[in-house]
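S.K.: Let me give you the structure first, and then I'll get to my questions.
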Amino acid sequence: MADFVSTSPFGPVLTAMVTPFNADGGVDYGVAEKLADHLITHGSDGLVVCGTTGESPTLSWEEEHELFRVVKQTVGDRGSVIAGTGSNCTREAMEATQIAAKLGVDGSLQVVPYYNKPPQEGLLAHFQAIANCAPELPLMLYNIPGRTGQSLAPETVYRLAEVENIVAIKEATGSLEQASLIRAHTPDDFAIYAGDDVLTLPLLAVGGAGVVSVASHLVGDRLQAMVQHFAQGATAQALEIHLQLIPLFKILFCATNPIPVKTALGLQGWPVGSFRPPLCALSPGHTEQLRDVLRDLALLP
């Protein structure tokens, strides 16, 4: 675990891990184990498994449960494993969270219910029910309205932060104002994570705990160094790393996540495979732009 004193039990740099597929389109659990080990030994304090970056919408529950098991077995006590067990069906989310807890994960990522767009009182009841069904498992809320069609209002977060095992939120609204409001109205030990790599350093400045990162697949050590510099008051050094990595942060979202980062891993030689439909390959033009950025940052073999 890093030296940074985080307000979260998960650590400051969490990687939203991709899901490797083999040539037949099945989950490649062997590569998942190797990738998890690599990430933990290269700057990541923990891994978020089966989140957006892990292509969770096209994984079966059985595949997700096996990923939780093998990744936690690989990581052991070297880092945290947070299982993506959210759903737009409260009952399904509760069942998946209970199974993940039995598999020994360290926490659960709970996305705002998508498509059915429940009102704030419905969101409150949804997350309270999930927390109550697995009271020993720390939960991280996940607010990403660009994908779900509904945002978790700051006032709802204030109320949810009072629940003992709701310990964090991944804020992917892109709004520092929203993050600041949450920081001002929740307990000090309620952790706020950036959901966008480019906002990691700004969020730390308004009381954030860290990042759930995509770029850490490639630059985990540099992100960890940035966080440590900030924590030690070396803000100029933290800013230098942040500015150096801006081109990478941008190119990794030139297309729908996780298409660019999985392509980048492939360019590095990682056999992570392709994507499950309806996701598709990165365009040739964007692939060349990605290759250029990786080369500039000395990230290619």
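Backbone N, Cα and C define each Cβ position, glycine as well.
Copying in the features that Swiss-Prot gives for the protein in this structure:
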type	residues	note
SITE	Thr52	site 'Part of a proton relay during catalysis'
BINDING	Thr53, Val212	pyruvate binding site
SITE	Tyr115	site 'Part of a proton relay during catalysis'
ACT_SITE	Tyr142	active site, proton donor/acceptor
ACT_SITE	Lys170	active site, schiff-base intermediate with substrate
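Any idea what these are sitting next to in the structure?
M.R.: In the three-state DSSP reading, Thr52 (site 'Part of a proton relay during catalysis') counts as coil.
Cβ neighbours within 10 Å of Tyr115 (site 'Part of a proton relay during catalysis'), excluding its own Cβ and spanning all shown chains: 8. In the three-state DSSP classification, Tyr115 (site 'Part of a proton relay during catalysis') falls within coil.
Mapped onto three states, the DSSP output places Tyr142 (active site, proton donor/acceptor) in strand. Around Tyr142 (active site, proton donor/acceptor), a 10 Å sphere centred on its CB holds 26 further CB atoms from the protein chains shown.
In three-state terms derived from DSSP, Lys170 (active site, schiff-base intermediate with substrate) belongs to an extended strand segment.
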S.K.: Among Thr52, Tyr115, Tyr142, Lys170, these being the recorded positions, pick the one whose CA is nearest to that of Val212 (pyruvate binding site).
M.R.: Lys170
S.K.: Which of the listed recorded positions (Thr53, Lys170) has the least company, meaning the fewest other Cβ atoms within 10 Å of its Cβ?
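M.R.: Lowest Cβ count within 10 Å among the recorded positions (Thr53, Lys170) is Thr53.
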